[in-house]
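Asker: Supplied in structure tokens, the structure appears directly below.
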Amino acid sequence: MPAYKRILLKLSGEALMGDDAFGINRATIVRMVEEIAEVTRMGVQVAVVIGGGNIFRGVAGGSVGMDRATADYMGMLATVMNALALGDTMDKAGLVARVMSAIGIERVVEPYVRPKALQYLEEGKVVVFAAGTGNPFFTTDTAAALRGAEIGAEIVLKATKVDGVYSADPKKDPEATRYTSITFDEVIGKNLEVMDATAFALCRDQKLPIKIFSIFKLGALRRVVMGEDEGTLVHV
């Protein structure tokens, strides 16, 4: 029996690269979609927010002399490319995917309309949210927090390269331990990197829990959805 009825899954663009240095690794995206399909078959409603770092990062663009807002818009377009790839892979895997963009590109993807997104979720379709919040200066983490709150998700699942939040960097400190659960205030007090401050504050204010887990661990998404000890739960 799943622990959640409706989830918001945040995938980083980098996660789609697999072992590649750039772009979308086919085997990686297929495996991720298989994990998502497994969860939807359990009756869980799934919405996804996808990043764009495998193609372009607005923050990086801003640091090399490009106007930050322009760089961020480029980053948003990168997320649309990822969302289309994800939606296409989902369709091929037998899922019904709907890509919705926060910026209008009507000939390519439909615009984000909240009641429509909710309807799709109720119908068992997977909704992929593209183009972040549609505004520059906001990360896709913030988009995940925002969309999670808007659709009434019970939890935001942040899929990363590490399998949770640690007391220190596990690569540098062999004594570092993984937290099973931690409060929002403890994360701030210990100065731990979970997600960017805006996204984090939004989740805290909305009492929307966050689960940090590794997307590269086979079956991790299913275990998280089943409420098993996987990753780190950040709660009020």
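Each position is counted from 1, following the chain as shown.
Every residue, even glycine, has its Cβ placed from backbone N, Cα and C.
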Asker: Name the residue, out of Gly52, Gly87, Gly124, Gly152, that Swiss-Prot lists for the same UMP site as Asp72, Thr133, Gly134, Asn135, Pro136, Phe137, Phe138, Thr139, Thr140, please.
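Answerer: When Swiss-Prot describes the UMP site, the candidate it includes is Gly52.
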Asker: Within 10 Å of Ser12 (ATP binding site) (Cα to Cα), which of the binding-site residues Gly52, Thr133, Asn135, Phe137, Thr139 do you find?
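Answerer: Close binding-site residues: Gly52.
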Asker: Compute the C-alpha separation of Gly53 (ATP binding site) from Asn135 (UMP binding site), stating it in Å without decimals.
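Answerer: Checking the Cα atoms of Gly53 (ATP binding site) and Asn135 (UMP binding site) gives a distance of 17 Å.
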Asker: Taking only the Cα atoms, work out how far Gly52 (UMP binding site) lies from Thr160 (ATP binding site), in Å, as a whole number.
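Answerer: Here the two Cα atoms lie 14 Å apart.
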